[in-house]
Structure formats: structure tokens, C-alpha cells
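Sharing a structure here in C-alpha cells format.
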Amino acid sequence: MKEVVKYYNWIDPSVELVKQMSYMQLSQKFYDAFKQCGTSLKSPLIARRLHAQLILSGLDASLFLLNNLLHMYSNCAMLDDAFRVFRQTSHANTFTWNTMLHALVHSGRMREAENLFDEMPVRMRDSVSWTTMISGYCQNGFSAHSIKTFKSMLRDSDHEIQNFDPFSYTCTMKACACLASTQLALQLHAHLIKLHLGAQTCIQNSLVDMYIKCGAIRLAEAVFLDIENPSLFCWNSMIYGYSQFYGPFEALRAFTRMPQRDNVSWNTLISVFSQHGLAVRCLSMFVEMCNQGFRPNFMTYGSVLSACATISDLQWGAHLHARILRMEHSLDAFLGSGLIDMYAKCGCLGLARRAFDCIGELNQVSWTCLIAGVAQFGLGEDALALFNEMRLDSVELDDFTLATVLGVCSGKNYAASGELLHGYSIKSGMESSVPVGNAIITMYAKCGDTEKSSLAFTLMPLRDTISWTAMISAFSQNGDIDRARRCFDTMPERNVITWNSMLSTYFQHGFTEEGMKLYVWMRRKAIKPDWVTFATSLRACADLATVKLGTQVISHAIKFGLSSDVTVANSIVTMYSRCGQIKEAEKVFDSIHVKSLISWNAMMAAFAQNGIGKKVIETFEDMLRTGCKPDHISYVAVLSGCSHMGLVAEGKHYYDSMSQVFGISPTNEHFACMVDLLGRAGLLDQAKNLIDGMPFKPNATVWSALLGACRIHHDSRLAETAMKKLMELNVEDSGGYVLLANIYAELGELENVADMRKLMKVKGIRKSPGCSWIEVDNGVHVFTVDDTSHPQIKEIYIKLEEMMKKVEDTGRYVGAVSSAHRSKKYHSEKLAFAFGLLSLPSWMPIHVMKNLRVCDDCHLVIKLFSLVTSRELIMRDRYRFHHFKDGFCSCGDFW
């Protein structure tokens, strides 16, 4: 009220000093008062009393003061008062109209602004009028209207184009960027060149930004390189653009070339590293930023806290917490939410709650972060209790919070809670919210009720791409591939996430060929892929062991600048390794700048599968030296590598260190590896004792490992024990039965062989038919035992007979003959290699895949094939890779 008294004292006409003022002095006093009220006080009470004093002073006829009165009212968000003044003004000028237009646009009342602009006399419209409308449409989400208004300005204006404010062009370019229209962008750029406006800094900034947001990085780069001294804005835009299209390290290269940097430069790069999962890089950039004297802000802390959460680095996160409190003196909702998320993802829910309790003013985001943090540990009941606590505190719920809580209800145990929340969303009117509707679809799908998901989807008044994608995922979870595809085909528009969802649906359910066809269609439709697209497609290529298709996908990833993404690189390692190209896999692994735990595990698994046990151990030790902690998958890889190479002492050492050093409790997978290791080495008693001492019931994998070892060492009695255990587990896979039958056959116990076959017949268990396949001339050729269907089968048999003659001439082969077996002469892998020798050039290694374990006879024959042909032959069977060269196999005849 002191400010009110102050204004009355020097504006009230009854005050003597005011009476002595000239018109100009009084006008200046009113101008200063209006400006002070509109910029700092923003008081409706003062604004209206100043208006009253203006009327009493008799100066309300001054157009200058009326325009400033309008400006004050709009700054105080008193639009109705401003509009009444505007309507009462009989002699409005261009400034009056523009002030009123700006007020309506700034408050988001675009329909009223549009009507007022149409009402405005054409002769009064200037560049400010047009720019206000162009900018207003863009700021309020009507980018297409911005473009339309810009075109009208060029067409209808009587002024020279050169007189227009450059801001009208920058606003139009921003609208074009929102529409992501490269065609429009090129037209605008050409227009600017025609008018010789391209040299202005604001135009250059907008051009670079527009092209980047249109996805035209090369055009942005061309503009950028043509600028003699690019502004900081241009540099920062290019850093962002390079990160989006070429990856974070290209962005880093641009950053290092900058002649000078500001906080935006550092924040952009730190955010890029954080978003790409390069947490260590993110943290090191933060340290360098601080060392160079730049002060972090809330954006910086947000990115760095997210990086700490990604790698669960509690020590760094706690250091940041202390720094924030020391530098910022208080904890606002934004930083507090980042701390909650970090502590929760580091597994410290108590610290997350303490950070939550320290926030001065809690908001929906704070509550939602804590609820999500609790939910990620599977503590659904606690998350729902927090939601109820939030409601009791009268915190206003928004659709994001409700969607998060709906996400807690995952599984049939939470179906009732999910339905209650669905009911709450209807009662509160939030059911019509698209995010809430999407969460309801997902909730029902995770609770196993696809029909309710479908009903919720059908009843949604508005749907977005996420709605359709959620429905595709729901059908996928239920195994209904046809309905998922129909949903995909019906969508009004699709984004890359939708395409990825449909790709994953096909690949996860074994429809790999359909998935790869969809990938090809996606490329033809010019959909820009992301790292998920490539990671998913490469995993499918790995499962199929189709190296040619895999290398095509890799070339696409390189083209889009995503091959350096750590997840994509990990998938490339896996793809190459499963195709037997271990050297290529190792090259890609070595090229990964910051290796994640998944990177190390992928490489160790690659070496293990390819029978290079010592390299598995070397890689494991290298990983430990980097400070990366192993997980249970790491130990499966290292124990598997030891098993394949018969490294018993090493295997025992790593098995003990798993629990003693890293506190990892062994699972069935680890026990199976150890049983396999001990069993293959002939230590069958130790293997059986290990099983007997397991703290939980052994599964089929463990007993199958023992059964396989019994076959190697011809121990039919222990094999019977293992088979009995497998039958108790109701294992209907034919492998165990066939394995035991083979043991009996090799021991000459033909009666037992017959009994096993009868048992299989009674149980309806059929032996999985063996097949092998090979890639030749962009096609996959599949062979079965005694195959007669291949169009070149005659030439293949002739080639095989020729090769067998050369093999027998070595003196190292005697054909296996057993009355219990059919002839092994024409097993599928022999036919596949014979076809490869016929079809592929002599310098090229031959890769063959087989769905079952390779038999002893075929293993010996293929070894000798490699000797007599002097060629490298590579085969992947059900368990591992075999690299045959010069008459030897990488497995050392231990498989």
C-alpha cells in the first residue's frame, strides 16, 4: 500500500505540486507509474486506481497515455480491462492495435487475436502486427497457421518486403521447424537468399536451427560452414544436431572446435552424454565445466543426477547432493525430484525419502518421482500407500501422476487396485486424458486382461500414437500376433516407436522372417530408425545367424550415425559372434569408447560360444581392472568358457569368487555350467555331489548337463538317474531321451535302446528333426538328413562322395557303423558343407548352422574336410561354434 500512497501523492490533482506540473511533466509521471506497475508491481488494485487518476486528471484523451495504459493492463494480466479501454478508444493508432494484439496473443487467446487482426484496418497493419500473429500462432501450437499468415503477409502487404522485421522470418522458420518440413524450409531459405537477408545473425541462427529440427543435418551443416563467424547459438545448435544424427562423439568433436563456449554449450554436451547413457563421460564433462569456471545451473544438475542414476553411482550422487546444498542453499522441487530419482535408482529408498522430506514445496513431480522409485523395486503396496498419502495431503493430482500410479498395477495381484484406479479416473474426469487412457490400456495388459485393454482403447475419446502402440504391445503380450498386425495396419499415423513395437512383436514370437520384411518396408517408407530399431533387428539377425542381412543392417546404422551407440554396438558384437565372425565382433568391441557391463558380457559370451576360453578369462580380468562389477550373466559367460575348454581349476576359482568376492548367489545356470565343466573333465562324482548340495531344487538344465557328461564318459547308470530326474520335472524335450538312447547304443545295450524308443512313443515325444542351413547368393539353403529336395541335390551328393574319398585317403577316418544307428553318411551338416564347397569361392570361409548338437562322426569328417581342402570351415551347433582349420577344431574335440 506504500506504493499506492506514493503514486497518489504525486498524481492526485488536489496535490499542489501536481497542479504546478506542465502537461509534459504530468504525462511523464503517468508513463513512469504505468511502467512501474506493469513491470514490477503487477498489482490490479494500483492499476485500476492509476486509471482512475488518469481520468480525473483529464489526460485520458492522450493517445500516448492510453497506449501505455493498455500495455500496463496487459502486463498485469488484466485482459478484460485492457479490452474495455481499447474499445472505448475512438482514435486508435497502429501502436494501440498492436498492443492489444500482443496482449491477446501473450495470454493464449488466439481466436480473439485472430478476430481482432481481421478487424484491424489493412492500412494500419505493419511488420509488428504481422509478426505478432505469426509468433503467436507458433507459440500456441498452431504452426501451420503461422506459415499461412506469413504467406498472407507477403501477398497482401502494401509495404516493401525489405521493410519487414527479420523477426517475422525467424518466427516463420521456427514454425517450419515445428512442422519438420524440409520442403518448406528450402522454400524459406531460397526466399531469404533472394532478398539478401542471409547475412543477419538472427537469420543465420534460425536457418541452422530450422534445418536441424527438420532432420536435415547436412543442410544445416552447409549453412553453418558458410558463416564466416558463427554465433554461439549456431555452435550450440550444431552440437545438438550432430548428437542427434551422428552420435555424441561427433558432437564432442564440434564442441572441441568452438572458439568460445557458454553455459548452454556445456549443458548441451553434458545432456547429450547423459541421454546416450554415457554416464562416465557426462560426469567428467561436468568436472571440466566446473574447473573452467562455469557455474552449473538446474539443467546441469538434472543431467548429471540422471547420469548417476543410470550407473547407480551413489558416491557421485551424494557428492552432487552436497554440492547443490552448498551452492544453491535450498532444494527446489526440480532438483529435489532429480535427487529422489537418483537415490531410488541407486537402491537407497530411505535416502530418496529423506530428499523428498527436505523439499521446501512439494509438487506433483516430487510425489510422482518417489512413487515411481518405490514401484521400480516391485513394492507395489508401498507405492499405492504413497499415492493415498499424496491424496490425503490435498496435493492436486494431474494425469501424469495418475498414469504413473496405474503403472504400478502390474500383474494379477494388482488387478483389483488397477480397476479401482480406473474407477477413480472416471470419477475425477481424467479418463479422457490420453496419458491416463494409455496407462489404463497398459495396466490391463500387464494384468493379463487383453479384452479390457481393448475395451478401454475403444472407449478413448482421443488417441495418440502411444495409444495404438500400447494396444499392439497388449496383443503381443497375449501372443495374438494377427490382432497386433491389424492394429498396426489400421493406425492413422505411425512413428518409429510403433514400428519398433511391431518389429519386437515378430522377433519375440519367432516370426523372424516377417519381422525382417517389416524392417525392409520401414526402410522403403523412409521412416527414420533409432537405436532400438537397429538393436532389435540385429538381435534377430543374430538368432538367424544371417551375416549378410546383419551387415546390411549395420551399414544402415552407420549411415544414420547410430553404430557408435553402445546398445547398437553391443548388438553388433552379438550378431557377429553368433555368425561365427569372432574377429569382427572383437573389432567392434574394441571400438566402443565407454563399455557398459552388457558390452563386456556380450564379448565374453562371444568368446565362450566360439570356444576361446582363455580369451573369456582375459576379458573378464580386463573388465575387473576397469572397475566394472560383474553380474550373474558375466559369471555364466566365464564359467561357460571354462567349461568349453576344460579349464577345471579356473572354473572352480571363478565359481568361488562369485559369492565370496561379489556376493552373487549362484543360480541354476551357474550350477549347470559347473556340472558341465566337472562332467566333461570326467569328474562325474564331483558333479553329482555339487547337484546334491544345491540350496534349491535343480532344474532341467542342470540334469541335462549331467546327462551330457554321462554320454561322453559312457556312464549309463548315472545317466539313468539324471533321466529319471528330468522325467520327474515333466520335461518333454526329446533331447534327453535321445541322449540316453545313444548312451545305451554306444554300450551295445540294444534292449534299453528299444525301451527308450517305446517310452518316447507312449509319451508322444518325437525326436527333433536335425537340419542345417547355409547362406549362398543372398539366399538361405536348408538341408535335412538324406535330403532329396534341393534343386542341386545330385551335384551335392557327387561332391560329398568325392570329399569322403579324399577324407578316407588321409588314413585318419573310419566310417562309423552301428546297427543301432542309421547311416551318418548323409547328415544335414555334411550336405550343407558339400553345397558350400560347390557354390562358394575357394578363398571364402564356409559358415553352416545346425539346430542340434553335431555328432562325433560329422565332427571328425568336417575336421578332415578342412584339411583336404585347406579351407576354413565354421559351424554353429546347438551349443557352440566350431572353427575347423587344417584338420583341427577350436573346441579341441571337447564339446
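Glycine too: its Cβ is placed from the backbone N, Cα and C atoms.
Whatever TrEMBL says is automated annotation, not expert-curated.
Features from TrEMBL:
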type	residues	note
REPEAT	93-123	repeat 'PPR'
REPEAT	126-156	repeat 'PPR'
REPEAT	262-296	repeat 'PPR'
REPEAT	363-397	repeat 'PPR'
REPEAT	464-494	repeat 'PPR'
REPEAT	495-529	repeat 'PPR'
REPEAT	596-630	repeat 'PPR'
DOMAIN	826-895	domain 'DYW'
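What does the local environment look like for each feature on the list?
Counting residues 6+ beyond its ends, the repeat 'PPR' (93-123) has Cβ neighbours under 8 Å at 63, 66-67, 70-71, 73-74, 77, 79, 82-83, 86, 129, 132-133, 135-137, 139-140, 142, 156, 158 in the same chain.
Computed over the repeat 'PPR' (126-156), the whole-number mean pLDDT of the model equals 91.
Sequence-distant neighbours of the repeat 'PPR' (363-397) (same chain, 6+ residues past either end, Cβ-Cβ under 8 Å): 333-334, 336-337, 340-341, 343-345, 347, 349, 352-353, 356, 404-405, 407-410, 413-414, 417, 428, 430.
Taken through DSSP, the repeat 'PPR' (464-494) splits into 23 helix, 0 strand, 8 coil.
As a summary of secondary structure, the repeat 'PPR' (495-529) carries 26 helix, 0 strand, 9 coil according to DSSP.
Note: the repeat 'PPR' (596-630) comprises 26 helix, 0 strand, 9 coil (DSSP; helix = H, G, I, strand = E, B).
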Other than its close neighbours in sequence, what residues sit by the repeat 'PPR' (495-529), given a CB gap under 8 Å and a spacing of at least six beyond its ends?
215, 465-466, 468-469, 472-473, 475-476, 479, 481, 484-485, 488, 536-537, 539-541, 543-544, 549, 553, 556-557, 560, 562
Can you name the far-off residues of the same chain, 6+ from the ends of the repeat 'PPR' (596-630), with a Cβ under 8 Å from a Cβ of it?
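Same-chain contacts beyond the flanks: 277, 566-567, 569-570, 573-574, 576-578, 580, 582, 585-586, 589, 636-638, 640-642, 644-645, 647, 650, 654, 658, 662, 664, 876, 880-883, 890-892, 895.
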Under 8 Å between C-beta atoms and at least six residues away from its ends: which parts of the chain pack against the repeat 'PPR' (464-494)?
434-435, 437-438, 441-442, 444-446, 448, 450, 453-454, 457, 501-502, 504-506, 508-509, 511, 527
How many helix, strand and coil residues does the domain 'DYW' (826-895) contain under DSSP?
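Across the domain 'DYW' (826-895), the residues distribute as 26 helix, 16 strand, 28 coil.
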Where DSSP helix means H, G or I and strand means E or B, what are the helix, strand and coil counts for the repeat 'PPR' (363-397)?
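Looking at the repeat 'PPR' (363-397) with DSSP, the answer is 25 helix, 0 strand, 10 coil.
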